[in-house]
Amino acid sequence: MVFSNNDEGRINKKLPKELLLRIFSFLDIVTLCRCAQISKAWNILALDGSNWQRIDLFNFQTDVEGRVVENISKRCGGFLRKLSLRGCIGVGDSSLKTFAQNCRNIEHLNLNGCTKITDSTCYSLSRFCSKLKHLDLTSCVSITNSSLKGISEGCRNLEYLNLSWCDQITKDGIEALVRGCRGLKALLLRGCTQLEDEALKHIQNYCHELVSLNLQSCSRITDEGVVQICRGCHRLQALCLSGCSNLTDASLTALGLNCPRLQILEAARCSHLTDAGFTLLARNCHELEKMDLEECILITDSTLIQLSIHCPKLQALSLSHCELITDDGILHLSNSTCGHERLRVLELDNCLLITDVALEHLENCRGLERLELYDCQQVTRAGIKRMRAQLPHVKVHAYFAPVTPPTAVTGSGQRLCRCCVIL
């Protein structure tokens, strides 16, 4: 479209409303609000509900009160598909009831840290928001099993649910949830400390589409529960068991035999796991990309050898506090396909047997981006310097204890702390 110099009309008169709305749809909230102040015509365009399909209020969390959410819901109505109220501690049940009534097409709702909300909010969502697919209730500590019963009855399209740190949830709530929401693909239950193996049995029975499960710090879970999950959820790709300190190699065996698509395994602080379990896992789960084995204190270089042979896609590996790992294990890892092509992050802090020789081996890992070496007492500054000469892009985090100075005979000058070194 070409305009002559004599044209007096402004852009809002030259372009059709549909095209102007399309242009405005690319603007963020702040820019839309600024545009709304330009003129009456732009105010109408900027505040058109079709431009407010996705709203994230995290950056304004301290200023967001209930009335803000209510006004947004009235403005957006059925247009709104995605809303994040993460950290908006001033928002409560009453406002979210109004929101649910006005925004019945909402699909993605983040209420992480909205500590004022109770079961009442979940009842409202259940009643009015049947299209909800993604719901984050992290740290909504007043949520109980009643919420899960309501969600299961009214939000049957739910695919993602985060209940982390909702520590009133028990197996009864999980049973009610999964009976109604059988299409769940991701369920995050970090810090739900009352959950026991029976809860996992219910998940196994109904959630055959499950891809991601987080059980971090669910300390009552045992091998029996993990075995149940593995038998029913063969599509599992991401599993977090960190802090489930009762687990043994039986859990790894179940994963290896039943979950060949596994890509992410977090098993930090599972101190009973051994090389035998990880050997079977590695030989069957060739898609593994990320593993957190921090404080798996019984594993040795044998685990690294098996991962090197069978897991060519490995990108991130944490071996922090695995004190039996040596330079030889790092040699096998560095010479493997994953070492040459995929490895990006390696955490070796508090691996006391690691020396500068391991750093020489890691020079083969051309894609390495981050290396953690805190409290590796046999690693030297010189060794790190030599490695970084070959891998200049890698970020190395290391700690060197300061040399104890001799006792001053006279006077005492101010000293600088030079303990922590980020290289």
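Any Cβ shown, glycine's included, is placed from N, Cα and C.
Swiss-Prot annotations:
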- 9-55: domain 'F-box' (DOMAIN)
- 61-87: repeat 'LRR 1' (REPEAT)
- 80-90: region 'Interaction with Calmodulin' (REGION)
- 88-113: repeat 'LRR 2' (REPEAT)
- 114-139: repeat 'LRR 3' (REPEAT)
- 140-165: repeat 'LRR 4' (REPEAT)
- 166-191: repeat 'LRR 5' (REPEAT)
- Lys201: ubiquitin cross-link (CROSSLNK)
- 218-243: repeat 'LRR 7' (REPEAT)
- 244-269: repeat 'LRR 8' (REPEAT)
- 270-295: repeat 'LRR 9' (REPEAT)
- 296-321: repeat 'LRR 10' (REPEAT)
- 322-350: repeat 'LRR 11' (REPEAT)
- 351-375: repeat 'LRR 12' (REPEAT)
- 376-401: repeat 'LRR 13' (REPEAT)
- Thr404: phosphothreonine (MOD_RES)
- 420-423: motif 'CAAX motif' (MOTIF)
- Cys420: S-geranylgeranyl cysteine (LIPID)
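Of all the Cβ atoms in the protein chains shown, 19 others lie within 10 Å of the Cβ of the residue listed as 'ubiquitin cross-link'. Here the repeat 'LRR 1' (61-87) has long-range neighbours at 47, 49-50, 52-55, 94-96, 98-99, 101-114, 136, meaning same-chain residues at least 6 beyond its ends whose C-beta is under 8 angstroms from one of its own. Residues 111-115, 117-119, 121-123, 125-134, 172-174, 176-192, 214, 216 of the same chain, all 6+ positions outside the repeat 'LRR 4' (140-165), place their C-beta atoms under 8 angstroms from a C-beta of that stretch. Under the three-state DSSP scheme, the residue listed as 'ubiquitin cross-link' falls in the helix class.
In terms of DSSP secondary structure, the repeat 'LRR 9' (270-295) contains 10 helix, 3 strand, 13 coil. Note on the repeat 'LRR 11' (322-350): DSSP counts are 13 helix, 3 strand, 13 coil.
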